[in-house]
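As structure tokens, the structure follows; a few thoughts come after it.
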Amino acid sequence: MSSASPTPWAGGGIGAPGLTGSVFQTVFECSPEAIALTRVRDGVLVEVNTEWLSLTGYSRAEALGRTAVEMGHWLDPEERMRVFAPLLTGGRVVDTDVTLVMQDRNPRVVRMNAALMQEQEEQYILIYLRDVTAERLAHEALRAGEQALEHANEKLNRQVKLYEVTESVAKVGHWVIYPGDSMVHLSRGYGEIVQEPGRALVPKERLLANVMEEDRERVLQARARMDGQTVEYRLRRSDGSVVWLRSRMHRQVEGGQVRADFGIVQEFTSERQARQELENQLAFIQKITSRAPGMVYEYQMWPDKRSAFPFVSAAVQQLFGLTPEEARNDPASVLRAVHPDDATMVVKSTWEAAKTVQPWHCEFRTRPADGQERWMLGYALPEVQADGSVLFCGSITDITSQKEALTRLKLSEERFRNLSALSSDWYWEQDAEFRFVRVDGDGRIDSYLAPEEAMGRTRWDSGALGVTAAQWAAHKAQLLAHETFYDFELQRVRADGTYMWASISGEPMFDVDGVFTGYRGTGRDISARKQAEADIERLAFYDALTGLPNRRLLIDRLNHAVAASARNSHHGALLFIDLDNFKILNDTLGHHMGDLLLQQVAQRLQECVRTVDTVARLGGDEFVVMLEELGMDPAEAAAQAETVAKKILQTLNQQFALASHNLHSSPSIGVTLFYQHLHSVDELLKRADLAMYQAKGAGRNTLRFFDPEMQAAATARAAMETDLRQGMLRDEFMLYYQCVVDAEGVPTGVEALLRWKHPQRGIVSPGEFIPIAEQTGLILPLGQWVLEAACAQLVAWSAKPHTQKLTMAVNVSARQFKHPEFSNHILNLLRLTGANPYRLKLELTESLLLSEFDEVIEKMSELRSIGVGFSLDDFGTGYSSLSYLKRLPLDQLKIDQSFVRDVLTDPNDAAIARTILNLAESLDLGVVAEGVETAGQHDFLLRNGCKAFQGYFFGRPVPVELLQLPNP
Ligand SMILES: Nc1nc2c(ncn2[C@@H]2O[C@@H]3COP(=O)(O)O[C@H]4[C@@H](O)[C@H](n5cnc6c(=O)[nH]c(N)nc65)O[C@@H]4COP(=O)(O)O[C@H]3[C@H]2O)c(=O)[nH]1
């Protein structure tokens, strides 16, 4: 502040001489600028200067004499207190800016320095006021400018930051090239996209450096155009990954001057991939829909009845005669293509589906553009959209051909049902488990069951008959192999109890995937055919009068029998039977009687043979009996055949009761044996026929063998039989006895051996007549006689001490033993004669054990329980099995003489003999070696443990009186 400054009071100032050199002076010195000054005494303004007046706007007159506080009204009351209170109360110097509220003037800001001063008696308030309004305004303007700048900076920073964040989030970036600049400015976003952070400024070439080769040309063209069009290209980033970029390039021109070239770049790889995927899907959908049999579409409808086809496949052309564009542009055109009769239904059902949001399903016809109406099947799923519309996605297919096929099928079904109803055939279906699921036609199917009874049941579970287990097995195998089968025949019982035959044919069914679903087929009642076949067969193979097989069937069976004989080596026999004098009977009593006789003869013949044998009628009074499975030995077979022939002779010789007549008839029988393929069937029949004529020639009512040898044997047998009968009557039989000795050669018993003292032939061996006695049944009385004689002898010996312990072995033939009364006969005999059962030993042959084994054991056990012993004759020659042997209640085994004979010369026989001895020992059985003829045999057997012997070495069979028994 310069001391040369003019006084504040000057220039019209209030001029105060008393103030000179004082505080004022100081003030003036300090504040040479225009300063408003006041002097206050006792609170009242006593002095003001011009500046004060101009500052405050008061006149001097208004101001002087007023209190300072009064004059301070230009200050705000609070401000007034702030300024004056410290001044007046504390005497402190005030230095502050205050705002003056000026009347009719703009407020002004003044710097006020006030001080309370004491000068002599007077108190002064010196107020120094300086107008700092301009200064303040300038300052404030500066501050405001600074703040605005700061604010603008901050905003800019924020915007830049926001921009960068936005770029980063949106995967957007940009570059700018200023004219004449070789560098390109890259934004941070751009750097992030191409993965080159921090390179804000790069050479221009860098922009294209990593663009994929294939896309570079496109980018270059866009750069050349700079027209803002979008260009999409790929760029390989520094990490090798490829990204899709979308860019728009602009050139900014102002006032004809190029300001900058810039490009906005956006990365849209995932969007591009999604789009690609969508495009692929769309392409696929289009491919599918273009090949699909029907049309695929999206149909949208709004509550205000607007509608649209957002998508419709190309098939709309084929189905509705519209291009997809036409359908899209005019959705109603599709409805117009619907048949008028069905349009309402289509609309209604669509609205209904939209309302209920339920699947739309509708069959309708299209308007026949070419005159031919077509059937469509529509199916769509509705979905409510955000805007309240409903979007249907679905398909429409042309089902005309299916409809036609269905109609044809229905017609065919109907025709089929009508036909089935008319015929006796039926149609059936079974499921994959072969259970009936459908039956049409005759309501009784092949089972003659009501269909409802058959449903769910298989054919074999529904009471089929007439099918063998093997046939069922074959049929089931066919079914399991899914084979077609024809004419499977089965029998059923009708509701009325009669039988019917059905013929079933069937074929397997498969679904579209080739999976087996069951069977279907037809059935036919073939009862009439079967009956006719049976009739034909009967006529062809059976004799109408007697029902017996005819010549044809006989020949057929004979062929089979010959073949069987070739297989099993058994003989068979043909018995040609002709009724004697039948012609006379027929002529005298009439054909009717003749027929009756033939029928009865047929019946009797059947009764004479086993079921395996055949009785046939060749015609007239000629019958043939065919016997099978006779013995392997021809003589044995001949004897068997002869037995049957004799039975026939005897049976046919019985009286016939024909109506009111009692007739006697007799046959002539010719017999021939057959064995394997030795002779043809014709030859066999001829031979039997020839033999029959020989029988006729021999005086009728007899039989003849074709074979002379057999005939001779038969004749001899016949003679023997007659002789046997007579021999029995004439008491020509006697018993010889052969001793059985112990190890010391002492007789312990005898074996009774039957002898026939024939008046002409002398002593006949049992080997000759026993078989004939067995065949003829004469063995029963003969055997009984032997037993009686043997028991009588036992009783006789029992009276003498030296003979009373002798045992008596008696041979019993199989036929004899198996007679139901055999045990009783023995029991009675023992009781009646009083013979000691413990001395009686029955000798059985192995052949006895071949059948009815249990009964044999039972019978043996019964007799054994009373003391009768049993011996097994000829042991080792037959079929003895050890298990049988163990079970038999035996006392003794007899080593057959055939083994004994060569026991010294044949090691096999020696081994057998030893084995039998060991076996007997282990089974606790006695052993008798029979046929011992030499001392050597005896020694051998003795050495091997045999304790009982029989044979010529000890004595031949002799009459009782010649027996060499122990001395009395
Ligand atoms: N070579 C030879 N033979 C010997 C010797 N010792 C005994 N023989 C004979 O051997 C046979 C033994 O009787 P078999 O084996 O029961 O065989 C008997 C028996 O099976 C049967 N037979 C005999 N009598 C009767 C009988 O009353 N009833 C039954 N059903 N059959 C009888 O006739 C068969 C033959 O009887 P036979 O001719 O008496 O023959 C007897 C006897 O004379 C010997 O050292 N050397």
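Just so you know, glycine gets a Cβ as well, placed from its N, Cα and C.
Per-residue pLDDT, averaged over the coiled coil (139-166), rounds to 80. The coiled coil annotation in TrEMBL covers 139-166.
As annotated by TrEMBL, domain 'PAS' applies to 42-80 (among others).
Secondary structure of the domain 'PAC' (229-280), assigned with DSSP and counted as helix (H, G, I), strand (E, B) and coil, comes to 12 helix, 32 strand, 8 coil. Summarising the annotation, TrEMBL assigns domain 'PAC' to 229-280 (among others).
Taken from TrEMBL, the feature domain 'PAS' applies to 304-357 (among others).
The domain 'PAC' feature in TrEMBL is assigned to 360-411 (among others). Applying DSSP to the domain 'PAC' (360-411) sorts its residues as follows: 12 helix, 27 strand, 13 coil.
Look at TrEMBL and you will find 486-538 (among others) tagged as domain 'PAC'.
Annotated domain 'GGDEF' per TrEMBL: 570-708, in sequence order.
Summarising the annotation, TrEMBL assigns domain 'EAL' to 717-968.
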Sequence-remote partners of the coiled coil (139-166) [C-beta within less than 8 Å, at least six residues beyond its ends]: 172, 187-189
Helix-strand-coil residue split for the domain 'PAC' (486-538), DSSP-based: 12 helix, 30 strand, 11 coil
Secondary structure composition of the domain 'PAS' (304-357) [DSSP: H/G/I, E/B, coil]: 33 helix, 7 strand, 14 coil
